[in-house]
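Here is the structure we will look at.
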Amino acid sequence: MGRRLKFLQKLAFLGQNHRYKALERDEVETLIDEQCELKAIEREKTVAALPPGEACKCSREELARAFHVDLDSGLSEFAVAQRRLVHGWNEFVTDNAEPVWKKYLDQFRNPLILLLLGSSVVSVLTKEYEDAVSIALAVLIVVTVGFIQEYRSEKSLEELTKLVPPECNCLRDGKLRHMLARDLVPGDIVSLSMGDRIPADIRLTEVTDLLVDESSFTGEVEPCGKTDSPLADGGDLSTLSNVVFMGTLVQCGKGQGVVIGTGEQSQFGEVFKMMRAEETPKTPLQKSMDKLGKQLTIFSFGIIGLLMLVGWVQGKPFLSMFTVGVSLAVAAIPEGLPIVVMVTLVLGVLRMAKKRVIVKKLPIVETLGCCNVICSDKTGTLTANEMTATQLVTSDGFHAEVSGVGYSGEGTVCLLPSKEVIKGFDNVSVGKLVEAGCVANNAVIRKNAVMGQPTEGALVVLAMKMNLGSIKDSYVRKKEIPFSSEQKWMAVRCGPKSEDGEDIYFMKGAFEEVIHHCSMYNNGGIPLPLTPQQKSYCQQEEKKMGSLGLRVLALASGPELGRLTFLGLVGIIDPPRAGVKEAVQVLSESGVSVKMVTGDALETALAIGRTIGLCNEKLKAMSGEEVEGTEQGALAARVRQVSVFFRTSPKHKVKIIKALQESGAIVAMTGDGVNDSVALKSADIGIAMGQTGTDVSKEAANMILVDDDFSAIMSAVEEGKGIFYNIKNFVRFQLSTSIAALSLITLSTVCNLPSPLNAMQILWVNIIMDGPPAQSLGVEPVDRDALRRPPRSVGDTILNRALILRVLMSAAVIIGGTLFIFWREIPANGTSTPRTTTMAFTCFVFFDLFNALSCRSQTKLIFEIGFFRNRMFLYSVLGSLLGQLAVIYAPPLQKVFQTENLSALDLLLLTGLASSVFILSELLKLWEKFLSRARPTQMLPEAV
């Protein structure tokens, strides 16, 4: 603006004085230069990033015009400076505007936490300082753990920034410079070579045998061959052969191109923006705890209101009744609940860690219990990400199948249908076919890993399975014609190493290209003329293998190109992981639907889907393009029936997950690539692969499978279901005990009767209620039958109707039994004695212990779950029992608790009466079992 103002002022001055002074030549030139510079600045500011779908259609000349760049000399420093003002640096900026202290305070925005804090304040006002400290400590522990989990989960954005390589080779002012990748702007000319990580989205203008590993971006395991020719149609990102994307890796060859998108304007920038905008959803357990907090709040205020009303009717002082009501309400709140929930979740996490599953966020453990949909990426998750040859067809009609997965060399080659295992050249036709694949090859297998292209590695392993792994050493390579995306084949010319002989060509590639170079076909080691009928037969076999989702390679050999002998076809696929098929079956039987969401083509996805039992006769598949074109509401209605989603981008995956969540599903997403990271974050449960997963996917996920074992999800689901039931067991015990204790005190207060329990006895009951017996219910081992149960509904709360009925039933039995003993032992004058309170007190404690025993399971009898299964529970109950006996019989404690000795008959009576709460609970379980058998067998809920 300063230059422009100066220029206009000078023009005005000259205009005023043109009659008196002629314009000097150097001034004219200066004005022209300044005017040109202003135009150049305006022009540079109009240069915009170009979407890959548009850039792929542009010719070299159109690209140069669009970005105002000379393809031979690159941008000038002046142009770069102006463009940076518009486009910024080529990097991702993480927004850390919210301070840490605010994030910590946000953890207190939880109804149960707020209720507990309120209880702590009331405890201080009523001078119950011990209660106040214990409640505050429990809240502090729970809040701190939650904060740490959330703080760690924000690292996924930081990991994504590591995908931008620190340096690159860029052409500027006619010179190739090694510079920081963050300096790139749209229009820069970047040079690429083998091993480079691509620094921005680039439209290629020059290519030499360029292969790019895009597996972290598209999910495709096979490297993509690249070209510099314009494309007629944009298509999806995985088909853009003349565009390379930020963060992907040059596997071989070299190239040069124009930067079309930097930073957040690149495709990885789109992923970054989606991850930044995506919020991790609340888990069902968090929602249940929130609801429980609200229910307990209503219950607490109900007690206060009821007592104040009764006190008002009886004419008692308002303040004293309010104080009693508040104290009882505080006592009713299970302050031990957050700690028990946390301990239960931590123990679940530790158990899962032993099964090689790492959980990063505690509530996620329980969320698995209500997961009813698992959306899984294909490559590296359902499959091993190890290309493997599975089928062979020779030119003379022999068919063979190959066993063994991966690059270990373990497995056999069997002729069909005889299942005869063949080695070496037992079958000449198969031997020659395998030999050609091994010799026309640049891959090396070392320590069960491939060095080179995965497809070539599969051919080397195939040779190893036939004891032909070293046959390549029998030849001396004299020439190589490398593979290119245009010709779709590669060939080598070799000579025998040990003896004089003629050179021979070995070729492999696409069938339609290889057959074009053949004039003969192999028939048991004898070359015969390649007739149209024979060619048609081979073409049909190639189509048949392709329809099974196999990558088909044709092989040939001969003295010269154009006179080769066709040898046959090899079918290669990335096979399913071991145990995946069984896991899918078990999950389906337990009401969990497994869906494949992949960037691969339909044929490949269906082949894997059929192999693992994902696809049935009513299979429905949906492309990423269809997902994008369908409105969210309509998509939510359709996704329930779809088993396979193919050709999907990161944006499509998120849309699919949102649609499933909208339809009421709890969705787990498994993945290993950067392209999965946004979906992993938006899903209710994000599951990343520990070995093959990228750092970005691991940080975005909240669960990691250390060994990449999909079947470990079964154990995780089982654990999640068991944990929720353990939490319900604890809540049932604590609420039934607290309601019974409160009711006894409330009834005695309202009816002007002596209290069955004194202050110290109530304190002892509270210790048992919140102490070891209660805590040990949270560590009950997971029920092995949990996996067979269908996923629980998201709407199911901890305090549901069935649990409330059980709580009220247990509380009623405890109240009735304790009042019976109190009434039986109270003297005729109605005054309470030490024996009266000792009997009532011991009766209540015994009821508590039997109630805890019945709360170990909501559905199974004690003999089914095993009396000695939870040893911590037994030790805690035994400790509580010994403590109670000490309170009764130890003279120092008798003075503190105002108790006296009881006879053996007294203890026998109390034990028999207290066991009624346990017996009644077991009878109720038997009755429910009888009713469930009487009803017709119900199907599991429809898989979502």
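Here, residue 1 is simply the first one shown, and the rest follow in order.
Note that Cβ sites are derived from N, Cα and C of the backbone, with glycine treated the same way.
Here Swiss-Prot flags Asp377 as active site, 4-aspartylphosphate intermediate. All protein chains considered, the CB of Asp377 (active site, 4-aspartylphosphate intermediate) has 29 other CB atoms within 10 Å.
Residues or ranges marked as Mg(2+) binding site in Swiss-Prot (evidence: similarity to another entry): Asp672, Asp676. Long-range Cβ proximity for Asp672 (Mg(2+) binding site), meaning a same-chain Cβ under 8 A and a gap of 6 or more residues, is found for Asp377, Thr379, Gly380, Thr381, Asn385, Ala688, Met689, Thr692, Gly693, Thr694, Ser697, Asp708.
Under a cutoff of 8 A between CB atoms, and with a sequence separation of 6+ in the same chain, the neighbours of Ser266 (phosphoserine) are Ala200, Asp201, Phe245, Met246. Residues annotated as phosphoserine in Swiss-Prot, with similarity to another entry given as evidence: Ser266.
According to Swiss-Prot, the feature region 'Interaction with ORAI1' maps to 69-93, an assignment based on similarity to another entry. Packing against the region 'Interaction with ORAI1' (69-93) from elsewhere in the chain are residues 40-41, 44-45, 47, 49, 60, 63, 157, 160-161, 164, 170-174, 181-189, 199-200, 205, 258, 262-265, 269, 272: each is 6 or more residues past its ends and has a CB under 8 Å from a CB in it.
Per Swiss-Prot, topological domain 'Cytoplasmic' is recorded for 1-104 (among others).
Annotated topological domain 'Cytoplasmic' per Swiss-Prot: 149-229 (among others), in sequence order.
The topological domain 'Extracellular' annotation in Swiss-Prot covers 251-291 (among others).
The topological domain 'Cytoplasmic' feature in Swiss-Prot is assigned to 313-329 (among others); the stated evidence is sequence analysis.
Averaged across the topological domain 'Extracellular' (351-748), the predicted model reaches a pLDDT of 87. Taken from Swiss-Prot, the feature topological domain 'Extracellular' applies to 351-748 (among others), supported by sequence analysis.
According to Swiss-Prot, the feature topological domain 'Cytoplasmic' maps to 770-802 (among others), an assignment based on sequence analysis.
Summarising the annotation, Swiss-Prot assigns topological domain 'Extracellular' to 824-835 (among others) and lists sequence analysis as the type of evidence. Beyond the ends of the topological domain 'Extracellular' (824-835), by six or more residues, the same chain brings 753-756, 898-900 to within a C-beta distance below 8 angstroms of the stretch.
The topological domain 'Cytoplasmic' annotation in Swiss-Prot covers 854-872 (among others). Secondary structure of the topological domain 'Cytoplasmic' (854-872) per DSSP, as helix, strand and coil residue counts: 7 helix, 0 strand, 12 coil.
Annotation comment: Swiss-Prot describes 894-903 (among others) as topological domain 'Extracellular', evidence class sequence analysis.
Sequence annotations record features per position, and here Swiss-Prot assigns topological domain 'Cytoplasmic' to 925-944 (among others).
If you look up Swiss-Prot, you'll see 105-125 (among others) marked as transmembrane segment.
Among the features that Swiss-Prot reports, transmembrane segment is placed at 128-148 (among others), with the record citing sequence analysis.
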Given pairs 6 or more apart, does the transmembrane segment (836-853) have at least three Cβ pairs under 8 Å with the transmembrane segment (904-924)? yes
The answer for the topological domain 'Extracellular' (894-903), taking Cβ pairs under 8 Å and residues 6+ beyond its ends, is 758, 760-761, 764, 834-835, 837-839, 841-842, 887-888, 910
Please report, as numbers and ranges, the same-chain residues at least 6 past the borders of the topological domain 'Cytoplasmic' (854-872) whose CB is under 8 Å from any CB of it. 725, 728-730, 732-733, 736, 772, 776-777, 779-781, 783, 802-803, 806, 810, 917-918, 921-922, 925-926, 928-929
In the topological domain 'Extracellular' (824-835), how many residues does DSSP put in helix, strand and coil? 4 helix, 0 strand, 8 coil
